[in-house]
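Q: According to TrEMBL, the record shows the following:
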- A:131-426: domain 'NADH:quinone oxidoreductase/Mrp antiporter transmembrane' (DOMAIN)
- A:6-25: transmembrane segment (TRANSMEM)
- A:37-57: transmembrane segment (TRANSMEM)
- A:81-102: transmembrane segment (TRANSMEM)
- A:114-141: transmembrane segment (TRANSMEM)
- A:167-189: transmembrane segment (TRANSMEM)
- A:210-235: transmembrane segment (TRANSMEM)
- A:247-267: transmembrane segment (TRANSMEM)
- A:279-297: transmembrane segment (TRANSMEM)
- A:317-340: transmembrane segment (TRANSMEM)
- A:380-403: transmembrane segment (TRANSMEM)
- A:415-440: transmembrane segment (TRANSMEM)
- A:461-481: transmembrane segment (TRANSMEM)
Amino acid sequence: MSPFWLSYLPLAIILSSLLPGLIIFTLKEQQVKLRIALNLLGVTVKLVLVLIMWQAVKAGAVFYFSVPFLPGAELVLQGDALSLLFVVLSSVLWLATTIYAIGYLENSPLRSRFFGYFSLCVSATVGLALSGNLVSFLLFYELLTLATFPLVVHRGTPEALAAGRRYLAYTLSGGLLLLTGVALLHSLVQSPQFIPGGYVSAVVSEHAGLLQLAFGLMIAGLGVKAALLPLHGWLPQAMVAPAPVSALLHAVAVVKAGAFGIIRLVYDVFGVDSMQQLQLAEPLMLLAATTILYGSWRALAQQDIKKRLAYSTISQVSYITVGVAMLGPLAAVGGLVHLVHQGVMKITLFFCAGNYAETLGVHKINELNGAGRRMPLTSVAFTVAALGMIGIPPTAGFISKWYLGLGAVATDNSLMLLVFVFSGLLNAAYFLPIVYRLWFLPQGGNWPKEQRLSATLETHWMLLLPMLFTAVLIILMGVFASTGVSPLSWTQLIVEREFSYD
Amino acid sequence: MMILLLVLPLAAALLMLLWPRIAPLLALFSAAVCSFLALQLLLQVSEQGTRYWLLAGWPSGLAIAWQADTLSCLLILLTAVLQLLVGFYAFATRARDKLSQGFWPLSSLLQLSLTALWLSRDLFNLYVCLELLALVAVALVSLSGRKAIKPALNYLLLSLFGSLCYLLGVVLLYGAYGRLDIAGLVSQWQPNLLTNSALLLMSLGLMLKAALWPLHGWLPAAHAAAPAPVSALLSALVVKGPLFILCLLWLQLASTEQAQAMAPLFAGAGLAALLFGGWSALRTPFAKNLVAYSTVAQLGYATLALGLMLKFDQPLIFAALWLFVLAHALAKAACFLAIGEMSGTLGGKRLTTLKGASQTMPLAMFAFAVAGGSLIGLPPSGGFLAKWALLQGLWLQEQQLFWPLALVLATLLSAAYVFRVVVLAFDRADPVAPDFSPQVLPQWLALLPALAVWAMALFSEPLLLLLRLEAL
């Protein structure tokens, strides 16, 4: 492999989903086979490319591709350990979600448009993961907003349109705040590449106030997508979207884009030292901790399955932010690994919710009684993911909470430890009753709208397979956490690189 | 080369009158050749520096001064390319829209007057260009037939009043200094009551013609009444002519004290235009009026940038001003063509006819959304470049929090009215059925400038550098 070819690898990874997406837009509704083939081709190519990059980055290489854009801020695509964490997550889950969406949307109208935007959305997410400086990040952040909007309003119903309006109002304002913050920071220190340890330390003493303002603006901008406390309002409402979209929004694309941006901002723009000098970590941590408790608390009160999952997302994503804001290596491992673990667990839960809705017509929690007997595989997957969310070993969720807890102890944050314990209890309080209903309560009357989607299986195989795949991943990531291929070992590698810059 | 740029459209217009049958071909041909020439000129000027020349070899002071710098060349190129594009659109839809024969010679004259305006550096010659421009524009508006008579007449009267004000200012200056070339006037300029009043009079006239807030009242009716290709030309190009002269006056002629005194007024007017224009665009029930109000709002960016430029004298802000103009011209042409195409096919002027347009006319709707993205200023579109340059210029000034905040508010408003249309287009409940099967080529032509404004990202660095140098 020539180095020339390798330097285009980040671009190729983005194009591998962008190009099929653009072609899919031009297809007619009836060209189902071609569309599926294009989708799967894109996924496969992307996974192969990501694998190549993964091998190289593990060996210590850093990929770099840039085109001139603004003075002092090129458009940079950069493949380092941290970006790869997010790229791998989104490509693997894209595979699962694509298969699920093909099954879910079978025979529904406007599928070309749906899959076109779906591919654009993944391209934007991967671009965001690979972006090498703040300006490129901003660009993909806005593109992500634009690509997800048509997915949110896909059903075209009044509720969907209202949710879409709200989603836009939140995310565009967020993007704008981010833009203002990025522009302010650019005027102080330009926008060089992301680098472990950050690049603002030279002006910390001179422009402390402006740096704090820029950080606040950018966190507010990113906080909209990451659903930090006062800015979370769009997320529960965006639940009207089709299940694969919710899965994608919650597990991979939108909320993770915000969380990933916060990680980049804290470690690679400001850096741990400057964060401490400017006293920025403490407020961020407290805000995120409040969000954790608030989300869990609100989730308790929801009777709609997807709404409960939505509030749970609000809470769970803030674990990442807390882990990052504690500024210790162990806490960072916990936060980063939760980015992956939460993604896999939440996508499983949404697949399950989609299966219940598609097969049985069940949307409310109190209609789930006895569903375990009718749909055992789905219910097993749901149970595994729910236990993971609570943090019970040997699931993946346990690993991330364990490291978060260790991190809290290591950085002397006994308050955070309390938050984790209390939130864990709340998680149990809103997930365990569902599990109980699934398995131990008798079915109460007929299902609201039952469909036979398969002769032998409990539902369509395309709805089952991705869900089982991610459910197995949850267990595997927990059991094999200490091996070299686990997300945990990868995050340890990242943290090693992030914290050993000097 | 510059002479050819002026002579070609004029000759084409005259030939069209003699031989109306081949008028479209002539117009397209002359626009294509002019685009090519303008590109050559731009490359030449950016390589060898600004070119000056005095008409017919008369000495300075007597002769009419012309100047081709990078900014003028960029604007000439923009004019020719948009002319070509809109010409193609009018040609592609000629069977359907029954556009009057008058369109072709008039559009060539429009190109002539604008090209001459971008090149002139002589106050009286600028007046002539301005007058020609206004007359041609009024004639173009009236092509729509009876319903356009009233807005066209309104436009004509106000425009004449504006011209008179401008001419009065010119006369005052001529009486005092005896010369009208800008370079000569600058060397003798005295800030006193006479130049004050001349500047104010000329500005009043120009602001009226450029539809800068609060003198924008005529614009929405006139631009909405005109046929789609004409609205595209009017919004994209015609209002920019007076704006260009306004910038010449205040950035080159006026003394520092005069500029400082005027700065807050321009900045305030720009902000008001952004807010009121955006608000009106949110409220209007008609599709074309929405786009026209958006022009009022977007011109506010340019006015705001002019005011801030006068205040801070920061080259980045100057670059932002013209980036706004370039980006807006391309985006607005796309918007008007797309909206014209959609309301033509779906049959109705109201915004509600666009219901479900993302299904019935996906290409045109896509063109509108893409162009709207630049109006909002989403990266990496041209609108984003302009906003970025403005923000950078502002952050370089210490303690400037008010203006960035105002920009954020204005951007939110523009996002609101753009997505007002987009959300409506995604309404699948009961989409409006097209009256006839949508034509594909015109939709692509509407998409073209929208893509071009995003492609500005590819040239962002040279553009910013060139325009920044122009301010020094």
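Just so you know, the numbers here start at 1 and follow the chain as drawn.
From the backbone N, Cα and C atoms, a Cβ is placed for every residue, glycine too.
In TrEMBL, annotation is done automatically, which means it is predicted and not curated.
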Q: Does the transmembrane segment (A:415-440) come near the transmembrane segment (A:380-403), with 3+ Cβ pairs under 8 Å (pairs 6 or more apart)?
A: yes
Q: Between the transmembrane segment (A:317-340) and the transmembrane segment (A:81-102), are there at least three Cβ pairs closer than 8 Å, leaving out pairs fewer than 6 positions apart?
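A: These two stretches do touch.
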Q: Using a Cβ cut-off of under 8 Å, list the residues of the same chain at least 6 residues beyond the transmembrane segment (A:37-57) that approach it.
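A: Contacts with the transmembrane segment (A:37-57): 6, 9-10, 12-13, 16-17, 19-21, 23-24, 27, 63, 79-81, 84, 87-88, 91-92, 94-95, 98, 102, 115, 119, 126.
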Q: What parts of the chain pack near the transmembrane segment (A:6-25), using Cβ distances under 8 Å and only residues at least 6 beyond its ends?
A: 35, 38-39, 41-43, 45-46, 49-50, 52-53, 56, 63-65, 77-79, 87, 94, 112-113, 115-120, 122-123, 126-127, 130
Q: Any contact between the transmembrane segment (A:247-267) and the transmembrane segment (A:461-481), i.e. 3 or more CB pairs below 8 Å with pairs at least 6 residues apart?
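A: Not in contact, no.
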Q: Excluding the flanking five residues on each side, which residues at least 6 beyond the ends of the transmembrane segment (A:380-403) place their CB within less than 8 Å of a CB in that stretch?
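A: Apart from its flanks, the transmembrane segment (A:380-403) reaches 312, 316, 319, 323, 330-331, 333-335, 337-338, 340-342, 344-346, 348-349, 351-352, 420, 424, 427-428, 431-432, 434-435, 438-439, 467-468, 470-471, 473-475, 477-479, 481, 487-488.
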